[in-house]
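Here's the structure we're looking at; comments come further down.
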């Protein structure tokens, strides 16, 4: 069977015409069919040994390539004994290749290539018989193509199988499951001119003896797991026209000097470990049309001899470390694609020398360099140019754009430059533009968005981060939502204040809309139900969230209303957004309770952020099986009750932040088996009891931030439990870890991430971590009722940045193991009952910039000759017998933290009471003399402690200052 609408041959066959005249049929002088070409005819259904095809006894050439037989190869091919050419490639044959083909001893060309079985799930294989038995009789073969056929042969096996083919000129066996190593025995096939072995797993170097292939024109060894250093002498084979060594990540080498008159046309070495400079002699390769050296380790300057490559059509040198100026390419008139992105190129680009006359150029990518000066206007005059990507450079201005009426430009990315001055209105003359990105520049003046009406093919628009001077401001015109092809719009970080006209009944095709960080007011707009990404955060929207909004979010995966002044309750219709992965309604004035259905959504919902609202009630205990929630942030509300038990079903949870609520209960050991947890913040709630989870091992290996401050936890600090927090223990590869963040990828191909944030207390002040680095670690157990010694094992947290266990009842000595915390920047042990001397090991904490040991019972001299003397005296005050710089007084036995004492001296009780009742007499001095006020309130505190035995005095540090507060036991 075949499809007549696709066929170019069979549909023209006519029984009234001599068959020898049919297209695809060749006959000899006697009328016998000697050639049959039915390639690319979309023939389907297969055929068997009874097919009339096998009656063509004189057939010499048969081509059935590129059809869709979807069957095994019939064994009847052995009847076609005269065949010298057989092509069954990519015809969707499956199963074992029949041994009968090996009986066709006249074969000169055999092509049974197949789409690899890894892609289709089925394909051809050559296992029984194996390769050796299959080719042993085909001694006349000159061209052998078995690409994609599963052979699964070891190095020596497949190499020895080929050695009986002395006339072999073309060997193409890519993606055949061959294994290595490569060795010199292949060079015995001296007539080889083409070697294509891509996609096998040789895991070996390339033999030096490959340079003995004197007739070699093509060498393709891409994705072969090659190792070692590639022999330079192979490049010197004078007959070479094609070399591909790509995607051999552990293959080393350097670009050799090239002799004048070389025949090389294609050189691909991308994604290898080739290093060193680019030789000036590259200009000798006058026939070179494709040069791809991307993603290597090459450096130095680009030789200006590249301009001599007049036949060059494709050049990709991206992701290396090339420096200096970009060479001109004005003589490369055939150049279609130029990619020099992700290097360190600098200097200016001349409009006339670099691009003028390159009329075949389709794409230019110079992203992520240090190129400055003007954007050359000659680029916009090239009539075939589709893509210009110049982002992440230092361009400062536009050349005047002229003669752009014939431009077919589709993509213009000038983001992250230093462009300033008036907005270049001539851009709107580029009527074919589909993607326009001018974000992160310093464009000023006014921009009338009405001009965008000229760009009717626009699908992506990003004008964000142009708010340094007068910029995009005013209202967003209504017509912008009706641009037919507009799919992505980013106008964040500007001064937009509102919308033009009603926004209902819009026919927008927007998929991604980013309006964050403007001054937009009024009600929340509802857009197309096809929108996937919606960011309304950091504006001045002041309405309720529409009750039916969830009915318009069928395809939405990201929705943020964060940092507005929204009020009302959370609409239950949000639970109809079945594809939602990120929901952020934080920092508003939302009230009411959390709808239970939001927790049921966590089978798809990955991030739920409701922090800093006015929510009340309990956290719904209805988390479902297969919960995929990673972030639950409910801090700074008025929630009560306990941590829901069903939260244990969220086995991928990374961030749990319940700070500043009224939640009760004990330490959350119910979550002990969730190994992914990185952040636990329970600060300022009503938790109580001991911490730690006994009889467990391996709990929270990834934990990096834990904040239990301002609760009623008590008991000893469980040193054994801390040993399971592996992320705080390792200080290896810190430089590598600092580039990683706790984040969730929202749009995979758009590289849009949701970044988790957290507030920590560091150096006596609260600090917001907008993006949490996976290397950042912090422990805050302050303002609880912990007692006993500080565990010695805490010194194993070598990656710790912040340690705060102040305002507790800890006793004993400061463990010397704290000196092992080499990354520590902030240490607060104040307001405990620690004794003994300050360990000299603290001298080695070279990164320590905040230290507070005040109001303990420490004694002895502060270690001298270290940075400990650089801290203020307030870091050490209130300790018995502690002296030395920065303290100046020697110990006199007097306790400096007597303010904390709640004991009553009965001898003076009557005097104190009389003083209180005589308050009216001294009301004037209390108002005008600070010293009197201080003494008075000290007295009141003592009396309250005496009357109410459950009250105690406590020091609290805020913004670098220490205050006394009364707390109830």
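Every residue gets a Cβ built from N, Cα and C, even glycine.
Here TrEMBL gives transmembrane segment for one range in the set 908-929, 930-951: that range is 908-929. For the domain 'Leucine-rich repeat-containing N-terminal plant-type' (7-28), the residues of the chain that approach it from at least six positions outside its boundaries are 34-38, 40-43, 58, 61, judged by C-beta separation under 8 angstroms.
Note on the domain 'Leucine-rich repeat-containing N-terminal plant-type' (7-28): mean pLDDT across this stretch is 89. In terms of DSSP helix, strand and coil, the domain 'Leucine-rich repeat-containing N-terminal plant-type' (7-28) has 6 helix, 3 strand, 13 coil.
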